[in-house]
Amino acid sequence: MAQGLEVALTDLQSSRNNVRHHTEEITVDHLLVRRGQAFNLTLYFRNRGFQPGLDNIIFVVETGPLPDLALGTRAVFSLARHHSPSPWIAWLETNGATSTEVSLCAPPTAAVGRYLLKIHIDSFQGSVTAYQLGEFILLFNPWCPEDAVYLDSEPQRQEYVMNDYGFIYQGSKNWIRPCPWNYGQFEEKIIDICLKLLDKSLHFQTDPATDCALRGSPIYVSRVVCAMINSNDDNGVLNGNWSENYTDGANPAEWTGSVAILKQWYATGCQPVRYGQCWVFAAVMCTVMRCLGIPTRVITNFDSGHDTDGNLIIDEYYDNTGRILGNKKKDTIWNFHVWNECWMARKDLPPGYGGWQVLDATPQEMSNGIYCCGPASVRAIKDGEVDLNYDTPFVFSMVNADCMSWLVQGGKEQKLHQDTSSVGNFISTKSIQGDERDDITENYKYEEGSLQERQVFLKALQKLKAGRFHSSRRGAELQPSRPTPLSRDSSRSLHTPSLRPSDVVQVSLKFKLLDPPNMGQDICFVLLALNMSSQFKDLKVNLSAQSLLHNGSPLSPFWQDIAFITLSPKEAKTYPCKISYSQYSQYLSTDKLIRISALGEEKSSPEKILVNKIITLSYPSITINVLGAAVVNQPLSIQVIFSNPLSEQVEDCVLTVEGSGLFKKQQKVLLGVLKPQQRASIILETVPFKSGQRQIQANMRSNKFKDIKGYRNVYVDFAL
């Protein structure tokens, strides 16, 4: 008489399955698979082989602390041929004398996360035996056409899911610089940290059963991750800090990768890491989303608007010296702002609004009571459809608000001008499988100055004015505590601006740099004044300079001048200016941004002329040389050359170097003191442990500067 079937051993075929599921970069020792795609396992039996007519093998998969059939976090499905109500399926591949290979497949809508796999064997005698086969992790699948994150381009999948390094663009629209970044989404323990991050969310803490059930939706998961990257509502990954005081943490400019941040958060019991700013929030979110399988890229918007009252106008205030002032509304134009785009279907929106979605983890405004933003359809932003979920009006204002300049004098405010094109420039991301910058501004808005662009702006403004959106401005409904637009002046309330031509300008002012603005050197520039009228003009021009944070917050002015310029009809003149290093060095922020402003007035006219320019001071970059061929599991020497760009001694110099697949952990070298203009180099030894295209990222900091950076791409060959 045949005995009941007993399982002796299970082979989850982790190495083979992980390669087929594009997860071998994470590990080949544990099973990581993607939904909507089959994976194989082999069952080895102790006493006899599997007999399809006599034995029924039933698989059980469970995820979360409260697995539930009705919620989809528990599934029961049979290897038998008869129909199973479960969306999970299993089928027989091969059947031997004492072993059976089967294929399992999760539905393309299954919740992502850590699963427990069990089987029940019902033999012909009525005996039932149960076995726990092991654990596996299920991820989103951009290779599966039925998955909501499906991306139909292999080069794009390689860039936006598989690439573990990239560039984040910083600086200003006149000086865009790439900041190298190690995303490291496949590094050791990162997948575990990403799953821990989901479990630490407020949603999971409040209702774990429902939270786990909703993890099949990339819309839901992206909002949860977005909220967890910042720590404003919870023990999220990063504390934000724009104060310039980082004595109890790391200056955000010092980071060169996400791995050190995520591992620190995990190792300290999920205590927020100090500190981050927008590019750090976006970079860490990119790491988490790519690790979970959602195609993601990092986006930089230069001259990014932060409209706090929803009227699509950024109000800026100046005093009579041309110095920019803070304002009660806290409207600002960030020199640059960084967010993410994630690729997903949007079946909750009308057709055509899937694809790239904006998610912004920087804590600026609340959405449904928590600090997150998005996903907002990029297509909806371009079309002015600000009534579509989520947070579309706020994102629209970041790329397409108008800017209103005001002169504050004697307690009164005088309108200087309204600029319709200053917000949202050179929207940038790294190119696909290359190191170049892609300008994707046209994805977000029509060409500035075009009729289409103004029509979309007016459509968005009318939607806001009519109050027809109830589910998009920072969440499912308009927050009752949100400030209402000011009504003291029609130009600052929700109104439709006139499209009539502006008055003819008779005098123009413009700044021009004479030399590249290098850190440690004097800044030389001229003010160009042009009289376009047929009359003489006598000008008084107040000039000033002040440091800025990259979020637009002004610091105290450190340089002022007054110019008196007489212009004959049609005449142009230049007024030379110089700001010495000794004048700006002690006032410079980490962002190295200086705003020079000029406020001109004619003696015979009340009209004012305002012009400003943002200068980004540059450092010499670190040079990295790879000495010899890079081969997996063979020693590699790397030379790092760096210098002190200043004409004064710098102290507390620290060099950090990292690179996924090249270094097991971030390398930190204490350099001590560097003399003025001193140039030095060091040799680092490492053993690459992953093949393919890799990148080394380096940063040097001191008591005088925080972010001299460099990078080098390296191709690592397989060992012979």
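Including glycine, each Cβ sits where the backbone N, Cα and C put it.
Database features, via TrEMBL:
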type: ACT_SITE; residues: Cys278; note: active site
type: ACT_SITE; residues: His337; note: active site
type: ACT_SITE; residues: Asp360; note: active site
type: BINDING; residues: Asn400, Asp402, Glu448, Glu453; note: Ca(2+) binding site
type: DOMAIN; residues: 270-363; note: domain 'Transglutaminase-like'
type: REGION; residues: 470-499; note: region 'Disordered'
Candidates Cys278, His337, Asp360 (active-site residues) - the one closest to Glu448 (Ca(2+) binding site) by CA:
His337
In Å, rounded, how far does the Cα of Asp360 (active site) sit from the Cα of Asp402 (Ca(2+) binding site)?
21
Between C-alpha atoms, which of these recorded positions comes nearest to His337 (active site): Cys278, Asn400, Asp402, Glu453?
Cys278
Setting Asn400, Asp402, Glu448, Glu453 aside, what same-chain residues sit with their Cβ within 8 Å of the center of the Cβ atoms that define the Ca(2+) site, listed in sequence order?
Ala401, Thr420, Ser421, Val423, Gly424, Lys445, Arg454, Phe457
Ranked by the number of other Cβ atoms within 10 Å of their own Cβ, which of the binding-site residues Asp402, Glu448 ranks first?
Asp402
Far apart in sequence but close in space: which same-chain residues, 6 or more away, have a Cβ under 8 Å from Cys278 (active site)?
Trp334, His337, Val338, Trp339, Thr362, His550, Asn551
Checked against DSSP, the composition of the domain 'Transglutaminase-like' (270-363) is 15 helix, 41 strand, 38 coil
Fewest neighbouring Cβ atoms within 10 Å among the recorded positions His337, Glu453 goes to Glu453
Around Asn400 (Ca(2+) binding site), which residues of its chain at least 6 apart sit with Cβ under 8 Å of its Cβ?
Gly305, Leu312, Ile381, Val423, Gly424, Tyr444, Lys445, Glu453, Val456, Phe457, Ala460
Determine the Cβ neighbour count for Asp360 (active site): the number of other Cβ atoms within 10 Å of its Cβ.
30
